[in-house]
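Novice: Pulled the feature table from TrEMBL, pasting it below:
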DOMAIN    280-316  domain 'EGF-like'
DOMAIN    567-619  domain 'EGF-like'
DOMAIN    851-888  domain 'EGF-like'
REPEAT    58-100  repeat 'LDL-receptor class B'
REPEAT    101-143  repeat 'LDL-receptor class B'
REPEAT    144-187  repeat 'LDL-receptor class B'
REPEAT    188-230  repeat 'LDL-receptor class B'
REPEAT    393-435  repeat 'LDL-receptor class B'
REPEAT    436-479  repeat 'LDL-receptor class B'
REPEAT    480-522  repeat 'LDL-receptor class B'
REPEAT    632-674  repeat 'LDL-receptor class B'
REPEAT    718-761  repeat 'LDL-receptor class B'
REPEAT    762-803  repeat 'LDL-receptor class B'
REPEAT    979-1021  repeat 'LDL-receptor class B'
REPEAT    1022-1065  repeat 'LDL-receptor class B'
TRANSMEM  605-629  transmembrane segment
Amino acid sequence: MPRWVFGAVASSLLLWYPVLLFANRIDIRQVLPHRSEYTLLLNNLENAIALDFHHSKELVFWSDVTLDRIMRANLNGSNVEEVVSTGLESPGGLAIDWIHDKLYWTDSGTSRIEVANLDGTHRKVLLWQNLEKPRAIALNPMEGTIYWTDWGNTPRIEYSNMDGSNRRIIADTHLFWPNGLTIDYAGHRMYWVDAKHHVIERADLDGRNRKAVISQGLPHPFAITVFEDSLYWTDWHTKSINSANKFTGKNQEIIRNKLHFPMDIHTLHPQRQPAAGRNRCGDNNGGCTHLCLPSSKDYTCACPTGFRKTSLDKFLLFARRMDIRRISFDTDDLSDDVIPLADVRSAVALDWDSKDDYVYWTDVSTDSISRAKWDGSNQEVHPAGLAIDWVTNKLYWTDAGTDRIEVSNTDGTMRTVLIWENLDRPRDIVVDPVGGFMYWTDWGANPKIERAGMDASNRLVIISSNLTWPNGLAIDYESQCLYWADAGMKTIEYASLDGSHRKVLIGNNLPHPFGLTLYGERIYWTDWQAKSIQSADRRTGQSRETLQDNLENLMDIHVFHRHRPPACEVNNGGCSHLCLLAPLPKGYSCTCPTGINLQSDGKTWILLFGCWGLVWFCSGVFQVSLFFFNPGKVYWSDSTLRKISRAALDGSQFEDIITTGLLTTDGLAVDAIGRKIYWTDTGTNRIEVGNLDGSMRKVLVWQNLDSPRAIALYHEMGYMYWTDWGENAKLERAGMDGSGRVVLISNNLGWPNGLAVDKAGSQLLWADAHTERIEAADLNGANRRTLLSPVQHPYGLTLLDSYIYWTDWQTRSIHRADKDTGANVILVRANLPGLMDIQAVDRARPLGFNKCGVRNGGCSHLCLPHPTGFSCACPTGIQLKRDEQTCDSSPETYLLFSSRASIRRISLDTSDHTDVHIPVPELNNVISLDYDSVDGKIYYTDVFLDVIRRADLNGSNMETVIGQGLKTTDGLAVDWVARNLYWTDTGRNTIEVARLDGSSRKVLINNSLDEPRAIAVFPKKGYLFWTDWGHIAKIERANLDGSERKILINTDLGWPNGLTLDYDTRRSVKDFPILT
């Protein structure tokens, strides 16, 4: 009987041997059993455990228990993509139904078996009851059955139909750690390994005729597969792949040893996925709208978890810090389903809006409020408690960090602070739009529950005794009662909405209740310590049930439904901005966003922008400079994201203007007159300038900078000033073009932070957090004097009229004092954690004269002021022509280099040698590159996308040259004479060539290559050179057509990486004659 197999997957060749496909934790590899030939399929993995393949679709699937993901790729290693990325905890088993195109997996963390389409869609919990630690899984799609092992307190092997029906235990004795499981389709048997009993056993598919096949020499077997007369298994202890006869257990062999950590294993061969099986779902998916799942005789139509129809009307919504989940009341399984949301780090509070099907949540790690549709779509970002006013579409939230209660529209606009006084760690909040009240809990020194009108009127403490940590709140609109959970008192209580008639509903077995919600006749709550979601009768506290347990990090909980009870509905109450509900008889009141005042009619708003100060205190946003023109914009730097951004004052028109080449941008200043932005970077030790949109960026100062920090501008005088935190702290000045640099103050400075120019008083002011002073001096550094001392930890500093304002890290406050004397110190605002910079702008003061105002000073690019006029300047690395007005289009000589996610240029024409990012889009993992000087194109390889691409030197016109059949292209070289492109592929061990547009592709060399790396060409002499990292490292040469191959060096080499040629002296960097 011939053995034919789809063995050499990369080239789809049919060979005569099966291929063993196995996971090795950090990679997935293939080995030919009878030849021990060993090839890499996928590398750089985190913790690949389970795997399977789909032969006809040429796909491999695997689970990663570190990333908690299920992934897939083509069988040649290309097109890696996530299939399941949420709701996994320990996906240890995986199996492919190659007939009905379904993916099944086990998860011992969630104690479930799930199924989905091959792309992860229409995911469904198939089995969840009486599962403890399901591990291995195997399918028999021809019979419509599924088999799995369970490691729980009662280890067992079970089977059911592939729709979850007809479940049965087929083995539950003499089992301990049943790991691997495989089905012999031809022999109608199953085989499994038990790592504790050190045995390989077999049985009929119904569990009868059980027999040990191998019971010796098995230290720790993990996974098993079968092909024809042989068994193959992996062993953790020996780190090997072994084989034996499947009937007798004899003829044991080691196929491959010294592996990293062998995990799951499969035989890649068409016999292991016979195409003869009947597709029970036929060509039209069995007529099912979603899932068609086979059974032993027919099929079953099924819906994704929680669905009985296309939409959900009732479900329990709860947060688990890293994800947000739902439990549908429409189905019986009560399985929790993760809503597919991005970047949920620490979700705490939740609420929902059935009108638009939105779910809202707070994230205390990112200090943000976000929303998305309940299916995870349309996610967008707009602190601890959160509540939705579904009548007027308002969003209310508490912030225990700033001790505030705020409100905005549900899209995040019109934000305003409602309550800020006498709050001490406010926690949960709920609203009653019908009654016009909001209620909140406070965890402070005197715990309490308060209420106020939803416009902040009529504030009243309603509960203030016998409270410790009042967490969740819920309103029973029918009985007009307020419920709360107290984690300190370990109770769930309720009272009338005015705080009277207080009663304990549940007072025992509540270790740490947190979130609370009501629906129908039931009350639901989360418990941190019990790690569960529980419910009880809302009136008696009896009939307690546990809906889900073993859930870590449980937070808030809500029930989503479409029957909430039905002032502001007509014409927004006549308000121009916010209309907020209030208790009767008033019904509603108009209010305005923070910083805007209400006009005398009580409904219309006017903006007070005569003098405006802006403070930025979000965590991670380190430096803000503010200026106004029509329309006004705010600019800020974020040293975490390494970006400089801008937006309009209402948060609209947001855009990033500098996204590359930043490390720690601690200082920022806007020249509103000359329309330039200046910044300091303590990471790169540079001072740079650019246009307001980030274009024409130029390094101004780069020498003798140690840690430049604050920066301030005086356009009319043509000066810029900056502080330096280095070993010898100082305050310096230069022209705004970088000329005429001079140190003004260099003694008795520690950490000079804030810096401001007092133009009216002709003085400099700065704050020093080390000396704890705010000082002043003349603009030339003379007449230095102390204004305030001690000041605990001043950071940002600004001027407005006759006052200085500063932020203080230690007091978490904004302070004010007279700018000339330092007297009359007052506290402007307290309790602002994370304070950073502060800026003030007087809109009434006209802008000064623009020295470059006429035709940009005649400059082609940058026009920069200095004390006696202005000078023309060019972007970094480009020289100014002899006319001293016009810039060259690009550098004459420069270095090009790749840095994985970027391609950069260093000009050799200028002395600063600053690297400039070339804005090529979609860079992921760029390894090699070359340049075609004829067409001005950069060619590069991206091993994440497995492509070769090219782009213009300015980053435009990016296009893919080679997009298929690549694995690890580590070397690339352009033949600029013959117009060809050469590359090495370490994953496929080939050297290939094509035309520069990717056409006429040809494998040039594919034999005796072990790990080809760098490559270089000498077109004039017709030579090709490359390095090889293999078992015996070497440098080789051949003709450009691959002929006359020759080893040049094979001694004293380790990992020969870079390779280049000196075309003038005809030598390589290894200094050997290249023409011999």
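Cβ from N, Cα, C; glycine included.
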Novice: In the same chain, which residue numbers or ranges, 6 or more beyond the ends of the domain 'EGF-like' (851-888), come under 8 angstroms Cβ to Cβ?
Specialist: 674, 676, 688-689, 691, 696-699, 715, 717-719, 735-740, 894, 905-907, 909-910, 912, 914, 916
Novice: DSSP helix, strand and coil counts for the repeat 'LDL-receptor class B' (480-522)?
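Specialist: Its residues fall into 0 helix, 24 strand, 19 coil.
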Novice: Counting each residue once, how many in the repeat 'LDL-receptor class B' (762-803) are helix, strand and coil under DSSP?
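Specialist: DSSP classes over the repeat 'LDL-receptor class B' (762-803) add up to 0 helix, 24 strand, 18 coil.
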Novice: For the repeat 'LDL-receptor class B' (58-100), find every same-chain residue at least 6 residues outside the stretch whose CB is under 8 Å from a CB in it, and list them.
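Specialist: Non-local partners: 6, 9-10, 12, 21, 23, 28, 40-42, 45-52, 106-110, 116, 118-120, 123, 134-139, 141-142, 146, 148-149, 162, 264, 268, 273, 277-281, 292-294, 323, 325, 336-341, 946, 964-967, 987.
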Novice: DSSP helix, strand and coil counts for the repeat 'LDL-receptor class B' (393-435)?
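Specialist: DSSP composition of the repeat 'LDL-receptor class B' (393-435): 0 helix, 23 strand, 20 coil.
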Novice: List the helix, strand and coil residue totals of the repeat 'LDL-receptor class B' (632-674) as derived from DSSP.
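Specialist: Tallying H, G and I as helix, E and B as strand, the rest coil: 0 helix, 21 strand, 22 coil.
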Novice: For the repeat 'LDL-receptor class B' (718-761), what's the mean pLDDT in this predicted model?
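Specialist: A mean pLDDT of 93 is what the predicted model shows over the repeat 'LDL-receptor class B' (718-761).
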Novice: So how many of the residues in the repeat 'LDL-receptor class B' (188-230) end up helix, strand or coil by DSSP?
Specialist: 0 helix, 24 strand, 19 coil
